[in-house]
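Structure record follows, encoded as structure tokens.
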Amino acid sequence: MDAVMNEPPALADPPIGPVSTAGQNPWDEELPARPMTPAPMTPARPGRATVLFDRVVERFLNTRPETLISLVVVGAAMTWILSVLHPRLIAADTTPTGGDMGAHVWAPAYLRDHLIPKGRLIGWTPDWYGGFPAFQYYMIIPSLAVVMLNVGLVWWQAALVLSALVAALVAVHLAPGLVRYRKAAIAVGAIVAVLSVGMPYGVAFKIVIVSGLVTMPLNAWAMGRLAGMAFPGPVFLSVATLPFVFDRSFNIYGGNIASTMAGEFAFSMGLSMSMLAIGLTIRAVDTGRGRAWAAIALALTGLCHLFPAFFALGVVLIYTSLRWGVTQLRTLATVLPVGGALGAFWALPFLAKSRYMNDMGWGKVFLFKENLLTRNKLPADFLRDSPPLEVVFAIAVVGLVLSIYRRNRLGLALGVAALAVALAFIHRPEGRLWNGRMLPFYYLSLYLLGAIALTEAVQLVREKRWARYFASYALTGLVVVELTRALVANSSFESRVGRVLPGMHTNALGALLLALLAAALWARRSTAGSVLASVLGLAWIAALQLPEAWWNSAHGAHGFFDVAGESVLRPTTYAVLHALEFPAGYVLFGMVVLGLVDLVGDVSFVADRRPARGMQLASAPVLFLAIFVVFAPALRSVPGGTVDTSDGSYHWGVPGWMHSTKDASFLPSWSKWNFEGYERKAPSSTSGGYPEFYGLVEMVEAIGKDPAHGCGRSMWEYGPRLEGYGTPMAPMLLPHYTDGCIGSMEGLYFEASSTTPYHFLNQSALSKQPSSAQRDLPYTGFDVDLGIKQLQLMGVKYYLAFTDTAVNAAKLHPDLDEIATAGVWHMFAVADSPLVSPLRFEPVVYSDVHATQDEWLQPAAKFFSDPALWDVFRAETGPSAWARYAIPETAKLTSSEVAKRRKDAAADGGLFEDPTLPDPPRKELPAVNVTSITSNDDSVEFDVDQIGVPVLVKVSYFPNWKVSGADGPYRVTPNLMVVIPTSTHVRLHYGYVGIDLLSMLLSAFGIAGVAWLFLAKPEPVRDALFDPLGWTADLVANRIGPTVIVEAKHPADDSQPWWQPTPTAPPQPEP
């Protein structure tokens, strides 16, 4: 009962109204009355996702329209390039092939599996050419990037790294002093996150291949932005890289898609990085900020490819010379040494050991006018002048003029750089640096100058200067003419329409008719307009007639560009006159179009035009769309476009307006061929494709694992059949697929080994259809007896042949034993071909031949081609006890040079020195037994039964080779080594020389320098001490009319959000 009494009563709904609770048990206390009106609710706190979404929306609404347009256009440009390169095939787990690219596959894997585990980025490999220095003469960053993408991290390493990244990003966002590093931290975090994942080797390799091409628009935009160009300048620069990337006029010079697919992907990476380096260094020079990033970018450019680094350095120095002072000089004095020191670990040994590089003998390109102005004589049938160089050159000239007038130092620097490259292309003597490699920098500079011309023209129109008329006419005419040219290309209308288009089929009558039409349209409104049309018409006709007449009358059929010692004035005048045709034609077309608009609308379009921000904002998308219309049909990349399989024509458009073309760019098909990979090459009537190649690899791998045969070098027959594997260089990957067990005497990096020429001589002797890739060598043709002797001399263990001619000859040779077959391939073991062998006679030392290829190659090639000379090896250096040996100076010349000198001597009645090699003195050596020969990646060991007797080591010579238990090594012909044992056990190993250690020390200082630049305060900006461009611009302004020069800011600024209308002041009455 008490328990029941003590239980609290059940709660009931409280009564309405006030109730007294005094003196009551707390359990009996009634709840307060419900209010008649509900109390206001406290709003719920929004979740983090809602807050983040609101911030994103707010940031989007407050973003400047310039930023959005830049993001869209630059992103579209990058996406377009990627789409042409077949992203699905890039993501496919296949091994890329095609041209040199199919052999480049070897390099990153060797770096990953052999060099990095030994703590080296540069080292020795026995895989090609009987050994050569890996990455000594070829850039390291592309292969290192492949390794980083491929390897990734194991799960626990990735977890630690990602946790550290998250913690760092949180710290950067929360710490007030680190907020300015937020974007950099996010970028670094994204890169590290990607590198932590890991991906298949083939996919990683293909991503690195296309990285330079895809990032080119982004880095061009960054260059303009960092250089202080206002919108739309950076976006125009970005779009200007598209014609360069899609350029179909060259395929091995470097930079465009065609060259990249041929294997020049390191060049395209370096060229893309060079634009970022130019922008970062210009910002550092102008503002004193970002010096560390500039140094890093310059170093990375050089480590991707040396030529783009020199281009970037040249542009920066030209830019700085146009306006310099204490800030500029102190900035360069820190950025350039630190950047150079960062890359010193690779660059200094490259330069110091360059005398051991091979020169393939590339012939100088002599078609100067055709390569620099017209491009009407291209070296291959599938190449095409697309885009037309004459058009690009004319717009670039306008860009240079406007850069001077508007004080655009980046434009002027690019113009001077283009001129310097053109002069170097013409006057550079034939040698190791092939002048054809200069053309990509010339072309890219022209494209970028064209973008600057359009940028300044848009600014002129917007600012309502006196030049707005010309800019409006020229821009209108440019769009009309080039779209018309693209639409009528390869059609029956091409020659007829082209009679009045500048360039192509234009003639004086067409120019005259267009000028008369423009004059008639403008006579009703403006006498000045009709006079302008008449003057431009006459200028156009003069530009058509005078240059060619001057050329032909002054220098005949060869042209003045081909005359030695020609002054710069004539070619420059010719180029300017030739370029005048295009702006004159553009302006006339613009006058006609705008005149028709004025006539129909009865309104003066140009005179009534008001400054409009909308025109400036629309210019970048319009330029991109114009480029797309011109290039997309040939690239087969128009949305909704279809190919007619019956005739190969391409159709696109909308119902009611369809267009077609038979012009097809080879770029998409080439990238498809490469990125399908070896694995998707089907058999054909001329080749067995991937199944045949796979069979070859399985055969040599099995032989290498067989204890009866084992590992060793191989020499394989060259021929067109190999193209069906994806590239004729496919067998170069035998060491790649066998983990170095079966080497290949032919490799990719022809310039990286002094043994390369002797391989090609041997290839000529053992292949029915050899490549004979190197010029000026005494090729013998197919000669299996000579070829097998050369294999024995070089320590080659296996010979691989597939043609009936080579196979039948090999089967009959007494020193060859057939040990395996796989389809058409036959594998033979070479007898008496050890890696180390005794010598019969003591070597002799050249007394008048140095190590440079110009002196060493030809005598060594004659030695290699004549087994009768092999009893006495010729050495570069040696002990004083070895006899000295002199040869005629003519023996150092190529056969063509010998013939020329002999002919000249006969004509002059002079004497000609016989180039025959004299007999050397012979000193017979005691017999010695060499046993226990072993080798690995970077060492060779063996035993001898007596000391003091020289032995031949059949490994390519390089100064990094060290020996213990012997004296030497000494370089002997053709490019092998001799050592003199001082112990019965001898070991050679690949080590370091002084320049290697010094360069690594400098790179350590470079890293410290970068850290110092990051921590140091920015260099204060001081007034310039020298500003000739500013003086010139002021002089022009004072003589022509008032002008307002606005110094660019870093970065360019515009404060209005894109969704708010730009406030405009009410029109003021004219005074």
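Heads up, the Cβ atoms here are built off N, Cα and C, so glycines get one too.
Note that TrEMBL annotation is computational and uncurated.
A quick note: this is a predicted structure, and the numbers were derived from the prediction, not measured.
Checked against TrEMBL, the range among 133-150, 529-546 recorded as transmembrane segment is 529-546.
Below 8 A, the CB atoms of the transmembrane segment (387-405) and the transmembrane segment (331-352) form no more than two pairs separated by six or more positions in the chain, fewer than 3 in all. Highest Cβ pair count under 8 Å relative to the transmembrane segment (186-214), across stretches 67-85, 292-319, 470-488, 500-522: 67-85.
Panel annotation: around the transmembrane segment (258-280), residues 98-101, 103-104, 138-139, 141-142, 208-213, 215-216, 219-220, 222-227, 247-248, 250-252, 290, 293-294, 297-298, 300-302, 304-309, 311-312, 315-316, 319, 440, 444, 666-667, 670-671, 674, 748 of the same chain, lying at least six beyond its termini, place a Cβ under 8 Å from a Cβ of the stretch. Counting Cβ pairs closer than 8 Å to the transmembrane segment (292-319), the top stretch among 470-488, 500-522, 990-1015 is 990-1015. Here the transmembrane segment (617-635) has long-range neighbours at 65-66, 69-70, 72-73, 76-77, 80, 84, 231-232, 235-236, 239, 242-243, 246, 386-387, 454, 458, 479, 482-483, 486, 641, 650, 652, 659, 661, 663-665, 667-668, meaning same-chain residues at least 6 beyond its ends whose C-beta is under 8 angstroms from one of its own. Among the stretches 67-85, 331-352, 470-488, 500-522, the one making the largest number of Cβ pairs under 8 Å with the transmembrane segment (990-1015) is 331-352.
Within its own chain, the transmembrane segment (500-522) has Cβ neighbours under 8 Å at 388, 390-391, 394, 481, 484-485, 494, 529-534, 536-538, 540-541, 544-545, 581-582, 584-586, 588-589, 591-592, 595-596, 598-599, counting only residues six or more beyond its boundaries.
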